[in-house]
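According to TrEMBL, the protein carries these features:
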- 20-39: transmembrane segment (TRANSMEM)
- 46-69: transmembrane segment (TRANSMEM)
- 75-95: transmembrane segment (TRANSMEM)
- 116-135: transmembrane segment (TRANSMEM)
- 150-169: transmembrane segment (TRANSMEM)
- 190-211: transmembrane segment (TRANSMEM)
- 231-252: transmembrane segment (TRANSMEM)
- 310-328: transmembrane segment (TRANSMEM)
Amino acid sequence: MLQDPMDFEWSYWIEWGRGRILWLLAGHLLVSQVSRLLVEKYKPWCLMVYGMAACWLLLGIKGFAVILLHTTISFAVAQFQLSVLTWLCSLILLSTLRIPAVEEAKRKWYDTENEYYLLLFTVSVRCLFCTSFSLEYCWHRPAQKSSHSFLWMLAYVFYYPTFHNGPLMNFDEFSMQMRRQEAFSLKTNLSILIVGIIRIFFWWCLAELMIHLMYIHALYSSAPPLEAASYWALGGLALAQVQFFYVKYLVLYGVPALLLQMDGLKPPALPCCVSLMHSFTKMWRSFDVGLHRFLVRYVYVPMGGSQSSLLGMLFSTALTFAFVSYWHGGQSYLWYWGVLNWLGVIVENGVKRILSISLIQDLI
């Protein structure tokens, strides 16, 4: 049966998953369980070495060198313990991904475009991990220095389940949970693994069914069907698209989340069903929980957040969406998307404030 080929992200990660990534994740699981069973104390370093080896195998020596270089530069800049300098470094490193000459040079390292894109996606996600570590380093107290060493940064950046596509886990959560030594039960872990695999397989089957039967992306990629459709049909198409996006990320984030559990870590919650959402703000909080925590901790709150004046809150929110748009690629349509999201959150919060006034509540 023919399938809808227009969802690049799904096709791309499923192809890589079937190829090498699934096998490398299985290797991580094996190393993790053996190290938890035999050398719990050295588990972070065993997983770090495995992650570095997997990166080398998949991205080559040059791809590995790029990620290691980004990590080293970020750590060196973090030594100044200035948040502004750390953010400047992170944005400059992120901007190097969009320099045409650099892009062309990296493309020549690989035989296929898909291999280059894997490096691009991986480095983009690693930039967030480097930023998280560096900012935590800037804020840490001298007593916490041992848990903010370069070795811990490598263990965090090269942690393989979240390596290529996330989900995002802030460094303070990662290091605290990774250092915690818990009783290990192979039987318990095996039951978690079996149940997790069944759930992910169900989500994958559902996504494949939607890809093969609904042709959502092919329809909205062509103007004539959209122009001919009624408003009700367009609304249904939009709903079907976000439903597929939800199911897709249950798979793409479900696999690493299961491995995080197997490693004794608590993964960010998986996306909430979009059909249950009635709040625009809640959608941002509940869909990509890891990214939301990153944005709140490192962008929104440091810029004042909800504790500042009305203008300060508007500015903090705008800066948060500006960073999200830039990190996703910075194309013009992403800036429009960011502005519309910002307006949606602002309008919703504005209405909530108005409805919280006692006079308005009495009228209602």
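Sequential numbering from 1, following the chain as shown.
Placement of Cβ uses the backbone N, Cα and C atoms for every residue, glycine included.
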Q: Might you confirm whether the transmembrane segment (310-328) is in contact with the transmembrane segment (20-39), defined here as three or more C-beta pairs under 8 A between residues 6 or more apart in sequence?
A: no
Q.
Short question: most Cβ pairs under 8 Å with the transmembrane segment (46-69), which of 75-95, 116-135, 150-169, 190-211, 310-328?
A. 150-169
(Q) Let me spell it out: take the transmembrane segment (190-211), skip the flanking residues so only those 6+ beyond its ends count, and list any with a Cβ under 8 Å from a Cβ in it. (A) 3-4, 7, 10, 29, 240, 243-244, 247-248, 250-251, 254-255, 258, 261-262
